[in-house]
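> Handing you this structure, nothing more for now.
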Amino acid sequence: SFEGRVEVYHDGKWGTICDDQWDDRDAEVVCRQLGLSGNPKALSWAHYGQGSGPILLDEVECSGNELSLDQCKKSDWGQQNCDHIEDAGVSCDPFTGTDLQLYAKGTVRLAGGRSPSEGRVEVYYNGDWGTVCDDGWTDLGAQVVCRQLGFR
């Protein structure tokens, strides 16, 4: 919910942003525009997968103080020289700074389930989400995860 490929809506269609000139100042603006706080990090080379459809922006160069990407220096809409392998991504990592204690406890989430109370167990460690191997996984482990997530 705080990271992924950046897509923009312009002239009736969604499209991606090319990663040329893409850096953490651009990520800071994206995070701000989405109302997310945390540690903004720009990711390149389709880190979150290649998009489809048009590539709508290229050469985005924000100072980091803008309220939206519209206010940043950039190419004209639709003017680009990229392929989707260069789709830009952003992480607005909320688990930084004073939240370092969460690393030690292991931040947990459930992903891919049909409801918020089920899914694949993932843990956040060292800036990334990863899965938990099921070797030795028992109901006791599931109970710990459920308790950590606030379920009874």
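Placement of Cβ uses the backbone N, Cα and C atoms for every residue, glycine included.
A TrEMBL annotation is a machine prediction, not a hand-curated record.
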> Disulfide partner of CYS92 per TrEMBL: which of CYS18, CYS31?
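Cross-referencing TrEMBL, the cysteine bonded to CYS92 turns out to be CYS31.
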> Need the cross-check against TrEMBL: the disulphide partner of CYS72, picked from CYS62, CYS82.
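Recorded disulfide partner of CYS72 in TrEMBL: CYS62.
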> Check for me: which candidate out of CYS18, CYS146 does TrEMBL give as the disulfide partner of CYS82?
CYS18
> What number of additional C-beta atoms lies within 10 angstroms of the C-beta atom of CYS82 (disulfide bond)?
17
> Using a Cβ cut-off under 8 Å and a sequence separation of 6 or more, which residues in the same chain sit near CYS72 (disulfide bond)?
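Listed in sequence order: ASP26, VAL29, VAL60, GLU61, CYS62, SER63, GLU66.
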> If one measures from the C-alpha of CYS92 (disulfide bond) to the C-alpha of CYS82 (disulfide bond), what distance in angstrom results, rounded to a whole number?
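Cα-Cα distance, CYS92 (disulfide bond) to CYS82 (disulfide bond): 24 Å.
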